[in-house]
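Straight from TrEMBL, the features:
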| type | residues | note |
| --- | --- | --- |
| REGION | 1-94 | region 'Disordered' |
| DOMAIN | 35-121 | domain 'Hyaluronan/mRNA-binding protein' |
| COMPBIAS | 37-73 | compositional bias 'Basic and acidic residues' |
| REGION | 171-201 | region 'Disordered' |
| COMPBIAS | 192-201 | compositional bias 'Basic and acidic residues' |
Amino acid sequence: MSFENKAPTGNDAALKNKTDNKSTPGPAATPSKHSKKPFDRHSRSGKTDSKKQVKQAWGDDKKELEDEARAEADAAAELAAEAEENPSGPAAKSLQDYLAELQEKEAALGGARVVRKANEGAEAKWTAAEKIEKEQASYVAPSATKKSKQKAPKEKKFLDFSAVFADETPKFSDRKPGYKGKKSNAPNSKVVKKEQNFPSL
């Protein structure tokens, strides 16, 4: 019995068929239904911003540099003009000079101001005035006048009583609570022996 034409089985067949069909590619994965396109977030209209729009949005470096240089030159010119106007710095004045200037201004205005005192001339203005009281007309005259009763004020009544206050707290005994001595109907524990109770036989 010969085994030359018999096909390999088991592990032998797996080892021998390992290199078969190795050059052909495997099956491709099935694409998902929810997969996004590679350029989904990019505009596909073909419209782009012009150079003017780009400069307005992002600005121009050269123009900004020129504006900064102009601003620095303007600031330097303003500082120079202020220095020319006030070469000696802030003006200083003594208190005596200030008071002398105030006196000169008051003299030019006609002397010191005359200030009216409080309530000056008020009496002469209101002395001739008369108080007018308007009487209220009664359309329906009352038939009888109601007398208002005045209640007598209540008098305070003082109660005399003698109060006794204990200075010391009562002393508690060592007995159990609820113990009030022997009961009156309790049997006498003492046994009395009398000869009358035991007659002779």
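Glycine is treated like the rest: Cβ placed from N, Cα and C.
Within its own chain, the compositional bias 'Basic and acidic residues' (192-201) has no Cβ neighbours under 8 Å among residues six or more beyond its boundaries. Residue counts for the compositional bias 'Basic and acidic residues' (192-201) under DSSP, helix first, then strand, then coil, are 3 helix, 0 strand, 7 coil.
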